[in-house]
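Input: a single structure, listed below in structure tokens.
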Amino acid sequence: MRALLDGHDLETRDWLFNLMAKSDLFVSRKVGDKVFASPDFNEPMDEMRDKTLERIFFLLRNGVFKDFLKDNSIENSLKQMAVWEVLGIFDHALSVKLGVHFILWGGSIVSLGTQRHHDKWLRITEELKVFGCFAMTELGHGSNVRGIETVTTYDPSTQEFIIDTPCESAQKYWIGGAAKHATHTIVFSQLLIDGKNEGVHAFICQIRDANGRWCRGIRIADCGHKTGLNGVDNGRIWFDKVRIPRENLLNAVADVTPDGQYVSSIKNPDQRFGVFMAPLSSGRVTIAMHATNQAKVGLATALRYALTRRAFSVSTYEPEMLLLDYPSHQHRLLPLLAKTYAMNFAALDLKKLHLKKNPEDSKVVHVISSGFKAMFSWHSQRTLQECREACGGQGLKTENRIGNLKAEYDVQSTFEGDNNVLMQQVSKALLGDYFAARSKGKLMKGMGLEHLNGPRPVMSKELDSNVLRDSRFQLALLQLRERGLLELLDAEVKKIISTGLSTSEALMSSYKLAENLGKAFTERIMLEIFQRAEEQATGSMKKVLGLLRTLSVLSGVDEEPVFLRYGFLSPEQSQLIHREVPAVCAELRPHTLHLVDSFGIPQPFLGLIAYDWVESNAWDNVSGGSSQSIV
């Protein structure tokens, strides 16, 4: 099962887990013969940042980043993703800081630059002789990148670009690495040539010298302490007419000649802008993986605790019951376990789609990664909160990880795109394809939308357990919701447009339907991917995967009001599904330990209560404990 879940590079993962578990830089506590590895979230912010950097150079010395940028093969890229996943399980700040350097800074040079940039920057980036950051977000503009206010002009007399921050809202904000450690940045800026705005472009700019001093025209401020992720030194950058060489424009899609002529192989400004946003797709793919893995850490800890912690008894003089033997405890955690399995398979599929994509696949990757990023990060926060509560007071302790993970990963719901905005982007793309197909009399094609070309699914009134657990019924039900919401959104937008409002205004007014459609599309894609993963299994594993798939779908349907709101299910059908969920939970209960062990997360990287919670709280293992008598 672990091989199916991880999908690739199990040896690399285990090697890196082992490397960290053997180093005092990563180990936070020893209990008996066990070590536990996690960051010290009680350290002051500056110490957390310095420790993160120290760990990065430890990983560099041990060859972890070898050929990260110079080898662009799919095999090597998958290996890199395995490394990010393992590092993220240890510490989100460590993976984010490295992700900014390698994926955003380095990835931008690879995808947006040309050979001259590759030759100059990739090797020294791998060797951390420069430390890069990614200056896109501004104080006044986050999700709306088109509206950023930083301005770059060209001086043909010196063949230099001049980058300027014209107002306070144009300051670059939340730039990971900028506050303390970054030496260079990718600057996203409006490019003005002879007074004409050619749109957002990307430039390389040095912000610190070898001694850590700001470069001329650069001002930097710290974003300060955050509710989480304090191991990353987020900063703010102002550019005061900073001059950079003409060659520092990343020119894979557009260039400026020495005499100041703007040239581009992509004439359509919208398409050109889409190319410049490509690095963000990598970020959303990474977030989908990390969100799933943090849900795994919380579930593995909370479910292992529930398999050993007892509370109350059915009647007097009987032994107390295990927490996980209570149907209510099963119902609060096992559907989240099932959905995490579904999201794991979906994130794995997205990774491979992203790495194998052709230019014409960019839209598909953008739409699917946007939906996954939003859904998975929301799921991670919900799961970690439920796991925290399910562990009672132990869930509050830093050493048990769950509460801190919630704070560390809360940022995922807004960085690389606000989740609500991303969901509206998903539905906008679906509606655009639907409009185009209908107006041209063509069939829907791609992203599994071909089901819209056939007849509408009909839900049988006679639903029993066998039907509810049938993957064909489950897919038909999710297709019915997706189709119905798309048709409803189409009708509502047209109705609003008929009153004289624009398409954009109509979509804004229909935001709730749009969000529901984005969720419906995402969950239907997830189910189709789960079904493909299930086909790879045989025997008992196939049976357990079938239970997980069923619980993932039925619990989601049970929690989602649109099925009743828009008549996709009758109240009677909804009641049958509601009663089936706890029945599936009970069948999954005996497999719980094997299912969380299949996550492949070694003991040192889970909370202490995942193992012997009595021993970890024994006097000899309490921090600062002694054998002296206290009078």
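For all residues, glycine too, the Cβ spot is worked out from N, Cα and C.
The active site, proton acceptor feature in TrEMBL is assigned to GLU416. Neighbour count (other Cβ atoms within 10 Å of the Cβ, all protein chains): 24 for GLU416 (active site, proton acceptor).
Annotation source TrEMBL lists FAD binding site at THR137, GLY176. Within the same chain, residues at least 6 positions away in sequence whose Cβ sits under 8 Å from that of THR137 (FAD binding site) are LYS172, TYR173, TRP174, ILE175.
What TrEMBL lists as domain 'Acyl-CoA oxidase/dehydrogenase middle' is 133-242.
TrEMBL lists 474-606 with the feature domain 'Acyl-CoA oxidase C-terminal'.
Taken through DSSP, the domain 'Acyl-CoA oxidase/dehydrogenase middle' (133-242) splits into 6 helix, 54 strand, 50 coil. Here GLY176 (FAD binding site) is positioned 12 angstrom away from GLU416 (active site, proton acceptor), judged by their C-alpha atoms.
DSSP places the residues of the domain 'Acyl-CoA oxidase C-terminal' (474-606) in helix, strand and coil in these numbers: 111 helix, 0 strand, 22 coil. For GLY176 (FAD binding site), other Cβ atoms within 10 Å of its Cβ number 26.
A mean pLDDT of 96 is what the model gives for the domain 'Acyl-CoA oxidase/dehydrogenase middle' (133-242).
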